[in-house]
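To keep things clear, I will list the structure first and then write my remarks on it.
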Amino acid sequence: MAAAFGRCCRVLRSISRFHWRSQHTKADRQREPGLGFSFEFTEQQKEFQATARKFAREEIIPVAAEYDKTGEYPVPLIRRAWELGLMNPHIPQNCGGLGLGTFDACLISEELAYGCTGVQTAIEGNSLGQMPIIIAGNEQQKKKYLGRMTEEPLMCAYCVTEPGAGSDVAGIKTKAEKKGDEYIINGQKMWITNGGKASWYFLLARSDPDPKAPANKAFTGFIVEADTPGIQIGRKELNMGQRCSDTRGIVFEDVKVLKENVLIGDGAGFKIAMGAFDKTRPTVSSGAVGLAQRALDEATKYALERKTFGKLLIEHQAISFMLAEMAMKVELARMSYQRAAWEVDSGRRNTYYASIAKAFAGDIANQLATDAVQIFGGNGFNTEYPVEKLMRDAKIYQIYEGTSQIQRLIIAREHIGKYKS
């Protein structure tokens, strides 16, 4: 019975993927480059959005609080998202994937995050892990590591952050020593999303022992199988928010990696790692917008039901003005990630817009979650109501994939550079 059900799910998923892939190809042929923004989604985009929205509201929201309480990894939801074609949207068509653009992936991400950003991060942690291979892998690497992720719901992880090197990626200490046709990896990584669930990792390590070597030549990117001898996976971290997401430290001790698992070549790793951020930060930003929209909706619903001083909360100008400010902010944050995603899909370097979207949406998610708690009053401080979880979940958006302060450094650098030129 179970085997038959599994075969049925695979057939249905294949049909769904074929339909969406066909529609995506048709839409691409019809799209004329250079026309600028369109505020009307394509039929395919509407379909993706509707599917993700239905999944979030009917399957994620009812169990989100329990996953937050237990910290259990949401395997059933991950499998279901995979079956629906909502997982791994960036995998190219020639590897069996949908080959969606960043804009389309962002629409899915926003809807999933509306349901629960912990679940959304668990589902979409793959996007960051996959991106270095998508942008820099050879055909053999892509088919081997991306192709198998379209055959079953496997996970991967992006192993860059270390205990002493977070925003300062150039400061990582993990070393890769070349010996013949293989590399010996030694070092420690920290705060790795999907670290204990991944089947393989993208790993950034220092391959040039010269401490004065520039970052764009000192680091190499590797694909490392998670079951390679010498890898020690740490305990699941107990985080403030997004608790069902799997976050761990990983130790690499004399881990052997074949040269065929090097991306591009020696010294190309830093550029690859940073290039991945340009493509994934819009998606992360869309997750922050999904949380912000949820905060606005919950606050509005509560204000329409709760009475104080003899009338509904929403009838008090102080509250209605708060909701107006929240609505303004969420719409502007949405526009920021859509602009950044559009830049990616147009084939342009989007570092500037990606950082604006990441910083702004992360800040807005925190502001709206805080405002929602305020509107709920004492109830907002209690776990029986949804907004306290939103407030805890929101904070990480100002930290992971580059802190809000780092984004501002990038924005300033890009802005000043454009001004001088």
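Any Cβ shown, glycine's included, is placed from N, Cα and C.
These come from Swiss-Prot:
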type     : residues                                             : note
ACT_SITE : Glu401                                               : active site, proton acceptor
BINDING  : 158-167, 191-193, 306-308, 316-317, 374-378, 402-405 : FAD binding site
BINDING  : Ser167, Asp278, Arg281, Arg349, Thr351, Glu401       : octanoyl-CoA binding site
MOD_RES  : Lys69                                                : N6-succinyllysine
MOD_RES  : Lys212                                               : N6-succinyllysine
MOD_RES  : Lys212                                               : N6-acetyllysine
MOD_RES  : Lys217                                               : N6-succinyllysine
MOD_RES  : Lys217                                               : N6-acetyllysine
MOD_RES  : Lys259                                               : N6-succinyllysine
MOD_RES  : Lys259                                               : N6-acetyllysine
MOD_RES  : Lys271                                               : N6-succinyllysine
MOD_RES  : Lys271                                               : N6-acetyllysine
MOD_RES  : Lys279                                               : N6-acetyllysine
MOD_RES  : Lys301                                               : N6-acetyllysine
MOD_RES  : Thr351                                               : phosphothreonine
TRANSIT  : 1-25                                                 : transit peptide
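Between the binding-site residues Thr193, Thr403, Thr193 has the most other Cβ atoms inside 10 Å of its own Cβ, all protein chains included.
For the recorded positions Lys217, Arg349, the ranking by surrounding Cβ atoms (within 10 Å, all protein chains) places Lys217 first. Here the modified residues are Lys212, Lys259, Lys279, Lys301; the one with the fewest Cβ atoms within 10 Å of its Cβ is Lys212. In this structure, the CA atom of Arg281 (octanoyl-CoA binding site) is 30 Å away from the CA atom of Lys301 (N6-acetyllysine). Under a cutoff of 8 A between CB atoms, and with a sequence separation of 6+ in the same chain, the neighbours of Ser167 (octanoyl-CoA binding site) are Gly402, Thr403, Gln405, Ile406. When Cβ neighbours within 10 Å are tallied across all protein chains shown, the highest count among the recorded positions Lys69, Lys271, Arg281, His316 belongs to Arg281.
Within the set of recorded positions Lys212, Lys259, Lys271, Lys301, Arg349, the entry lying nearest in space to Phe376 (FAD binding site) is Lys301 (CA atoms). The Cα of Lys301 (N6-acetyllysine) lies closest to that of Thr193, out of the recorded positions Glu162, Gly166, Thr193, Lys212. When the recorded positions Lys69, Lys212, Lys271, Thr351, Glu401 are ranked by how far their Cα is from the Cα of Thr193 (FAD binding site), Glu401 comes first. Closest to Thr351 (octanoyl-CoA binding site) by Cα-Cα distance, out of the recorded positions Gly166, Lys217, Lys259, Glu401, is Glu401.
Here the Cα atom of Asp278 (octanoyl-CoA binding site) is found 26 Å from that of Lys259 (N6-succinyllysine). Long-range Cβ neighbours of Gly166 (FAD binding site) (same chain, at least 6 residues apart, Cβ-Cβ under 8 Å): Trp191, Thr403.
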